[in-house]
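Note sheet for the following structure.
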Amino acid sequence: MSKFDVSRRGVLRTGAMAGAGVALPTIFTASSAAAFTNEPTGSSVTLGFNVPQTGPYADEGADELRAYELAVEHLNGGGDGGMMNTFSSKALQGNGILGKKVEYVTGDTQTKSDAARASAKSMIEKDGAVMITGGSSSGVAIAVQGLCQEAGVIFMAGLTHSNDTTGKDKKANGFRHFFNGYMSAAALAPVLKNLYGTDRVAYHLTADYTWGWTQEESIAAATEALGWQTVNKVRTPLAATDFSSYIAPVLNSGADVLVLNHYGGNMVNSLTNAVQFGLRDKVVNGKNFEIVVPLYSRLMAKGAGENVKGIHGSTNWHWTLQDEGSKAFVKSFGTKYGFPPSQAAHTCYVQTLLYADAVERAGSFNPCAVVEALEGYEFDGLGNGPTLYRAEDHQCFKDVLVVRGKENPTSEFDLLEVVEVTPRAQVEYAPDHPMFAGGNLGACNPGA
Amino acid sequence: MDAILLQILNGLDKGSAYALIALGLTLIFGTLGVVNFAHGALFMIGAFCAVTLQRLLNLSYEVVDETQTDFLGNPLKVKTPYVEAWFGPEFGGAIIDWAVPLAILFAIPIMIGVGYVMERGLIKHFYKRPHADQILVTFGLAIVLQEVVKYFYGANPIQTPAPDALNGVVNLGAAIGMDIVYPVWRVVYFFFAVVIIGGIFSFLQFTTFGMVVRAGMADRETVGLLGINIDRRFTIMFGIAAAVAGLAGVMYTPINSPNYHMGMDFLVLSFVVVVVGGMGSLPGAVLAGFLLGILESFASMNEIKSLIPGIDQIIIYLVAIIILLTRPRGLMGRKGVMED
């Protein structure tokens, strides 16, 4: 008669070994994509669109959301296909992504970093989003990019223009299609030289946060390289609404150019105030006083109305471009919504297609596979000419538009006109350029 | 010297807006004893009265012009405002151009109505509740109102220009041989504020209605015992205070393009103005409004900022702390107000 002793410790040990034995074949037989966050297992894949639905950039957020919905429609085979027809890559077939129907959830960033992180976290943890995209502010983009890196999902940035997004705060899981402060300055400088000469004295008013600082640094360096003097750089509170007390000192400063490193409501108000004070009618140092707005937004320019006339700035994309990609996108968007898309809508639409295309080419939703597919990727047909997603910092390099407030608009959308398409080579910089130094891309994180 | 005079003008201009809003806040607090955090929203609604009138005057009919195309390549629909069709392009165009001044007439009845509904519909239920309850409910109301405005008008600023004749600049120093160039509309705004403030003080000082209201502010119960319906008069004062805030908002639209959040931008500052001026003191509110406006402008000067970095962002609160430490009831506060 054999003796069979059963102890608690023995049962636990045996159970653990049996569990490991059952699990072992699964680990080795599952696809390599099994070990990443929110691997899509059913017939659909969920994307997370994190845009400002409330707060000061809600109108831009609404336009971004329209673009995302249009992109999802096109990815799933609906509509006219938009820029999928002009995209140089033909990996997208209109049957979703890797045959899975694209679904989406939305979050509200409120243009606040903490709210944006919370909504992104919720979309990743509760809704199973495999990619997060969106945003209308650099502070938000940097915060959400950091979260996505930790969570092991891809972040395709929306409208973010600070050098830091792909500079000191760059992350391996994050990608930016939008241009940046350095590129704006590099594109604008030659145009400003041709228009206003090399003997100018500039006065800067700058929004006191990450985007304003990097924009000011970039445009001041570019104009000083032309021979311009910078007489003053004044930081203005982000919450400021009346800029009269900041504009008044400009009148007696000896400056003959005012550079407004402002965006959104700040830009509308500071430009309006500057024009009210008659700056554009002044003659200083024997020259006409000029105003420059390095980053233009058509949606915001509308708020400044006639004050934008004749004022130069830069933009990532404009709906009047006549390349096939832009025309296809404007047609799709305009037919669906009744008005042309903004630059925010364009970059969000493009980012969604680029992500989907990268997954198709990689054959996997694994973030590390997507990163590999996007790094160093050259493409065309998406509205900005030949474009490179640089591997070193995940920044897109493409032509930059210099625009001017139109003197005689023919419609409420016709506020800006493209005066120069600055070639990509002119806005490129080394990955270790001092304005982008201090960050570490790190390794991709698949999470899980 | 020019720079200092310019900042004084800027301060008077900013102070005009602060004083008008603080005056309304003080009127409501002095009469009804309510701390109204929705007062900034009334300023914003006033501004959107101007936006609304501008849009009404620009209501247009469309005619398809086959010779032009829209952004999709379809025949262009050319819009012509009805006002121009009815009154001719010149006179109709002038009416549209003067939308903001005309909005004063449009806004007065609307703002009195909004104030009346707000007081009768919500705030009267909180008269006997603690100030904390009043603050919570009126702050909540302010958020609701701004979200409603955002729903209908969007989040972006909406340009609402001054008439062409009042655009541009004027050299205020020409008479004394100085070059003090200042926007015409800001000068108009300052004088408008002076007229409104003078009108309110005259109304309270020289009319029977105003006398009763002042008596009610001093001793509500005794006035009630004399058989006077003081509540009805206080309700009317709420409407007048709403109209003052609304008119301040209407006239402010050409200075900064209005958006749904503009009321909140002014609200906190205006409360500081009221506290610095002295709770319940109308002259105190006006004095503090102009004083803090001027100080805020001076603090934005580069010479001051180079001495104390960031002073422009904290000056108002710094002054408030100093005044409340040295004069706890504010500049012209009365004994016993909010001290129970």
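A Cβ is built for glycine as well, from the same backbone N, Cα and C atoms used for every other residue.
Look at TrEMBL and you will find B:15-35, B:42-61, B:91-114, B:187-213, B:234-255, B:267-295, B:307-325 tagged as transmembrane segment.
Distant neighbours of the transmembrane segment (B:234-255): 13, 16-17, 20-21, 23-25, 27-28, 31-32, 39-40, 42-51, 100, 103-104, 107-108, 110-116, 118-120, 123-124, 160-162, 166, 185-186, 188-189, 192-193, 196, 200, 203, 209, 213, 216, 262-263; these residues of the same chain sit at least 6 beyond its ends, with a Cβ under 8 Å from one of its Cβ atoms. Only sequence-distant pairs (6 or more apart) were considered; of these, fewer than three Cβ pairs between the transmembrane segment (B:15-35) and the transmembrane segment (B:91-114) are under 8 A, so the stretches are not in contact. Within the chain, the transmembrane segment (B:42-61) has long-range Cβ neighbours (under 8 A, six or more residues past its boundaries) at 21, 24, 79-83, 85, 95-96, 99-100, 102-103, 106-107, 110-111, 114-115, 145-146, 149, 153, 158, 160, 241-242, 245-250, 252-253, 258, 260-263, 266. Residues 7-8, 10-23, 25-27, 29-30, 37, 39-40, 142, 197, 200-201, 204, 217, 315-317, 319-320, 323-324, 329-334, 337-338 of the same chain lie 6+ residues outside the transmembrane segment (B:267-295) yet bring a C-beta within less than 8 angstroms of a C-beta in it. For the transmembrane segment (B:307-325), the list of distant contacts is 269, 272, 275-276, 291-292, 295-296, 298-300, 331: same-chain residues at least six beyond its ends, Cβ to Cβ under 8 Å.
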